[in-house]
């Protein structure tokens, strides 16, 4: 026999002192909550959470937590005329030739759905009526503890009223319950899930007639008598809001009556009385022997205020009152409707008598909650939002219910999402919504102290989706509706849910734990400024003319004609903008500083016919001043930027990188930079982050040749004298399969990586040619635009690197299923998406630290054990945010993943560069805030400095490493460094000469005085 319903668990206390302080600051949580207390919820969640609390929450659910999956009779059973079943209102509604307003049952029908020439119906649906073993095997595969299903009223009582029941119908449900007992899965049984027998609709007008409550009681008694010994959780009515409002007011759902709002409220009134009758029946006649629990399944949306004002919060409270409170307050509080409804709907809202209030009050043994797209985002009337904003936030709804209805035990009896009807087994969107909702449930339990006892994923299998027909899918198991056997094939969401149940939540994983340790002594700690502040205004007076001041008359300076002073030599200290930047870098304690040159400023015409020597001098001074304070400059020759992609205007007009001549011009420009700056610069980047996603194949072809030419210029003409290193910096965001269980998604991810990174990396770091994945994919689609390299060009390009430099910012999920046309790439046949549980920046860039480690390992696997630099890594924050905790969290975790890659994976990692230096040149990305012509360090700068000073993340067991202080070589000082002994001897002679001369001078004066 199934175990009895678990006893009520002690209410878990809120776990943290900070949460208690929040509650006390809001007036405290009373021992007994009252209607209206839920309004505190918006204030509690008004401030954004700390980054570590906003993202992935690690933890497990309480012991004995109920893991369930659900289905509804009309959606899945089929067999609409089999074995004496009577017609239901949904049979009639779907067979009706005229669909009500807003109906989309035949929209975008998937392959395998009923013909669009016929109305979509549940006549066959998933055919569960003939497949008990198939369905229960799916339950066994999932590993759930509970299965929620509904009984078809018309299948057990074809006429709807008490009388001779349909034995075949009873046998079907007994067989299902027996099979559940064999598997150790407990049933959660819904008596009414929208499918009223048509006979009762015809005879009484459906739920608009109060007499239907007695028929419902009789039907429930039949079910309790036949099945109650095996059922410990009963749901009387599913989603009475939808039944009343959309069945009898809007007519969007069966029975399709387009009545007045008054009729909708009358139906809801009768539904509440019917529910109460059934609860009292069970409580009096069956609970003593069967020991089960009974409730009503209530659906709700969640709503956020447009502004955090008292008025907006009251409107949000009213919105929930009009949907959830409409039914929850009578059942859980006092037997009557919310005050906001009575005040606004006094003329059309029915009244309960005092005896009816007592009869309805307390008729639920737990709070059965439904939360998902059917109500929250599809069937919620706009006027019930009260001009506020919907949000799929389950955690906040759970907290509101906890406060509003006196801390009930909550059983989430329906929750999930949907995917397109054309989506088959890789239902990534559904899977990530499932993950989000379950994680929010865990947060509600662990962080907010809400007593949630169980969770039900909806639904077990694809089926008929009410007003959406077969245009969407909500099942964990895929059903081909055209097949004869109607096999259930597990989707990615099913595999995810099975793993989650097995782990009982999200236990901390070893790979997600921070690593203690330090980087090598010579590790490069840098910061990036792609658009360096170039200000060539000299700090000294540079006018060579001579002026007289007309003191007596005009009070102005008067130029003296024909008189000029001698031109003074310029010095680096003349550039006023350099020293403040150097001082900030010193304050940060970085060892390296990366900046980009502006090709268009240095060579306005694109060639050396016109060279801006002032700009070159500025860059030379910047580099030399960095070296002087022991900061190594890392210089990029070209950075794609507006305007003209960072190219001289003439080259941009001549086709930019589409023109092969640009590659030759770049090589000459590089030669000039090496010649002018190379004595100070020992790390060069030819091109920084050429963005492949908006670049043509011919442009990429020429860009690769330009890089190779520049590399060879340095290698052959300057390396021996300057002893520097040079490479290209590629953007390398990680691409992760959206469905980790899908081989197709893994193939898609690899394809995108090759197009995003391999396109430029493979010719340089690999074979000298483009990736075969890229070439093969394009050839299959008759796209022959990807150029070919000659053998000489391959030799020219291959191996043109001294290190591998990558810029990494985020991770992107890719899926093979087309779910969102806006984000679908038809060219690569890939759907880009994100895990909605991930932490995001204000610009919606996902924070996924482990992606950095993965891309480093992918690059090592592809191109070998090369020295690597993370040449740029950063995130945006709120405008003018001084306490940028998101960036602190980002840097802490990304750098720690870099440490894991170095220590655990053996990646030859040589340096890390944070992006970006300041907000002036990169607004919202800087480690320094810029306001009122002042630079102010943000919290992230101080945190980064701490990491630099510690050389990583040393722990108590980290071996202390002695790192001798190193100094960057000063080129101008090389003469002195190589002649230290000679210079010391000369200094000694000079010092001795000074002493001797001083003594001679002293005694000569003394001698003269003695003769006077």
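The count begins at 1 with the first shown residue.
Yeah, the Cβs are placed from backbone N, Cα and C, and that goes for glycine too.
Quick look at what Swiss-Prot annotates:
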- 106: N-linked glycosylation site (CARBOHYD)
- 159: N-linked glycosylation site (CARBOHYD)
- 283: N-linked glycosylation site (CARBOHYD)
- 344: N-linked glycosylation site (CARBOHYD)
- 607: N-linked glycosylation site (CARBOHYD)
- 612: N-linked glycosylation site (CARBOHYD)
- 694: N-linked glycosylation site (CARBOHYD)
- 57-506: region 'Glycosyl hydrolase-1 1' (REGION)
- 515-953: region 'Glycosyl hydrolase-1 2' (REGION)
- 1-33: signal peptide (SIGNAL)
- 34-981: topological domain 'Extracellular' (TOPO_DOM)
- 1003-1012: topological domain 'Cytoplasmic' (TOPO_DOM)
- 982-1002: transmembrane segment (TRANSMEM)
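The number of other CB atoms found within 10 A of the CB of residue 612 (N-linked glycosylation site), across every protein chain shown, is 15.
Distance between Cα atoms for residue 283 (N-linked glycosylation site) and residue 694 (N-linked glycosylation site): 68 Å, as a whole number. Look at residue 694 (N-linked glycosylation site): DSSP puts it in a helix. Around residue 344 (N-linked glycosylation site), the same-chain residues at least 6 positions away in sequence with a Cβ under 8 Å from its Cβ are 318. DSSP assigns residue 159 (N-linked glycosylation site) to coil in the three-state reduction, placing it in neither a helix nor a strand. Residue 607 (N-linked glycosylation site) and residue 159 (N-linked glycosylation site) have their C-alpha atoms 92 Å apart, to the nearest angstrom.
Proximity of residue 159 (N-linked glycosylation site) to non-local residues of its own chain (separation of 6 or more, Cβ distance below 8 Å) is seen for 86, 197, 199, given in sequence order.
Taken as a whole, the topological domain 'Extracellular' (34-981) shows an average pLDDT of 93 in this prediction. You'll find the Cα of residue 612 (N-linked glycosylation site) roughly 31 Å from the Cα of residue 694 (N-linked glycosylation site).
Comparing Cβ neighbour counts within 10 Å across the glycosylation sites 283, 607, 694, the minimum falls on 694. Classification of residue 607 (N-linked glycosylation site) by DSSP places it in coil, neither helical nor stranded.
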